[in-house]
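As structure tokens, the structure follows; a few thoughts come after it.
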Amino acid sequence: MDMLTLWNLEREDMEKILEDSIYFKKNRYGHDILKNKNIALIFESPSTRTRMSFDLAVNELGGHSMVMNENEIHLGKKESIKDTAKVMSRFVDVIVARVKSHKTLEDLAFYGTVPVINALSDLSHPCQVLADLLTIKENGKDFKNLKLAYFGDGNNVSNSLMIAGAILGMNIFIATPRSYEPNGIFVKKALEIIAKYGEGSLTLTDDPIEASKNADVLYTDVWISMSDKNKDLEDVKRIFPKFQINSKLLSNAKKDAMVLHCLPANRGMEITDEVIDSKQSKVFDQAENRLHVQKAVLKYVLKDK
């Protein structure tokens, strides 16, 4: 069983992953779920939180992790992804990959015979968003009809937030400049899931005030990701500032609204120091929760093994 996006999860699957995450957070050590199992951790781009949290997760579950960076593995260069996937499947029990192109993940999953986990791709960031959900849940907020407003670039995080929100019956607002909307395939999938469950909603807007009004959660991410080579910095500086999460925007939300950012943050750009360091900010709890969620994800993909 792979974890490439969230849209293959049923609501009960997502709830079980969050339930297991809470258990692992309360009981961090002493597990042997991954005893005698080897987990490949592939990184095509630099990583701090993802690498540390997955490496620790594997080891704290009793497994062995093997980290390979871009210059240490022939991923479509000198060797086809097909052959790499087939060979790695002979050695390891799970492949965790942070890749530049989502197609790389799909090929690893198609040609390999072991579960593949998306640690980040250009289209989707499921493990991050599961950690976001855990952060929301542990702060006592009910997902059903919760209003989550995302501000900035319609990127991989916003894509995954739409899917997660649809599955759990949330009201998701994605506020982006025009031409920076989230991926159309993910929008379509989210709307299909909303129709399936008959709960929740998805609103795309270029008005951050509308999105922030009475919001339970305000969320942002960097305006320019590491993989964004086509964005003009001056254009971003001109178009994006009104989507910054600052005290003025936060004042439109509910008084007990929480603020999330998946980090790393460009302080003073997408979010101010005042907000990210405030009591309403849960970004460092959110970062820690990557560890606990990823343990639950590893357990989930191996449940039929």
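From the backbone N, Cα and C atoms, a Cβ is placed for every residue, glycine too.
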Just to be sure I read the record right: Ser47, Thr48, Arg49, Thr50, His125, Pro126, Cys127, Gln128, Cys262, Leu263, Arg290 are listed as binding carbamoyl phosphate in Swiss-Prot. Which of Arg28, Arg98, Arg238 is listed for the same site?
Arg98
Please classify the secondary structure at Ser225 (L-ornithine binding site) using three-state DSSP.
coil
Using the alpha carbons only, what distance in Å do you get between Ser225 (L-ornithine binding site) and Ser47 (carbamoyl phosphate binding site) once rounded?
12
Lowest local Cβ density among Ser47, Gln128, which the record lists as binding-site residues, within 10 Å:
Ser47
Taking every protein chain in this structure into account, which of the binding-site residues Arg49, Arg98 has the most other Cβ atoms within 10 Å of its Cβ?
Arg98
